[in-house]
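J.: One structure is given below, represented as structure tokens, and several questions about it will come after.
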Amino acid sequence: MTEEHVVLLDEQDKPSGTLEKYAAHTLNTPLHLAFSCWLFNEDGQLLVTRRSLSKKAWPGVWTNSVCGHPQQGETTEEAIIRRCRFELGVEITDLTPVYPHFSYRATDPNGIVENEVCPVFAARATSVLQINSEEVMDYQWSEFKSVWKSLLATPWAFSPWMVMQASDEQARERLLNYCQR
């Protein structure tokens, strides 16, 4: 895979340039565009993944299915499909926005800052997973309500963006409705 960049955003969330992904994620991370996707199987179970220990930010932490950054000239939907294939080796369908205006800023234990405008989507897996171990060290298919209980009981075990997304009542309701259809 070629070197990834992030799309930098101005104060109005409009693209203002690009920066190499690893150079962007520092102690002073500029605002940039990202995405987050919650992937469900045909039984309505949620794929929860554990970030590889080689990840720069939040290594070894459990998170929602897949996250990443659209490249310049790429739609968010195209980026989600690309990262699902790269990280999980999976094809998806029924890509649906569930929290289109989510943004957050969080600092990991090593001081690395995430500062993202990060629309949240749900999607359905249509093929068997083929996990890229450089991205994902573990994974589990779980009932959404069970994951929600775990998020409430042990939020420190999960990525802050996952906790924040699921804590939004409207987004949580949309995810629950999505997994039940």
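Positions of Cβ are set from backbone N, Cα and C atoms, glycine also.
When I checked Swiss-Prot for this same protein, it listed these features:
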ACT_SITE  Cys67  active site
ACT_SITE  Glu116  active site
BINDING   His25, His32, His69, Glu114, Glu116  Mn(2+) binding site
BINDING   Glu87  Mg(2+) binding site
DOMAIN    30-164  domain 'Nudix hydrolase'
J.: Quick check: with His25, His32, His69, Glu114, Glu116 left out, which same-chain residues have Cβ atoms within 8 Å of the centroid of the Mn(2+) site Cβ atoms?
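T.: Close Cβ neighbours, site residues excluded: Val6, Lys21, Ala24, Thr29, Leu33, Ala34, Asn115, Cys118.
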J.: Using all protein chains in view, find how many other C-beta atoms are within 10 Å of the C-beta of Cys67 (active site).
T.: 22
J.: If we check Cα distances from Glu87 (Mg(2+) binding site), which of the recorded positions His25, Cys67, His69 wins as closest?
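T.: With Cα distances computed to Glu87 (Mg(2+) binding site), the winner among His25, Cys67, His69 is Cys67.
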J.: Counting by DSSP, what is the helix, strand and coil composition of the domain 'Nudix hydrolase' (30-164)?
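T.: Going by DSSP assignments, the domain 'Nudix hydrolase' (30-164) contains 31 helix, 51 strand, 53 coil.
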J.: Let me know the DSSP-derived helix, strand or coil state of His25 (Mn(2+) binding site), please.
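T.: Where His25 (Mn(2+) binding site) sits, the three-state DSSP reduction gives coil.
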J.: What is the nearest of the recorded positions His32, Cys67, His69 to Glu116 (active site), using the Cα of each?
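T.: In terms of Cα distance, Glu116 (active site) lies closest to His32.
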J.: What is the interatomic distance between the Cα atoms of Cys67 (active site) and His25 (Mn(2+) binding site), given in whole Å?
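T.: Pair distance, Cα basis, whole Å: 14 Å.
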J.: Mean pLDDT, the domain 'Nudix hydrolase' (30-164)?
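T.: Mean model confidence (pLDDT) across the domain 'Nudix hydrolase' (30-164) is 97.
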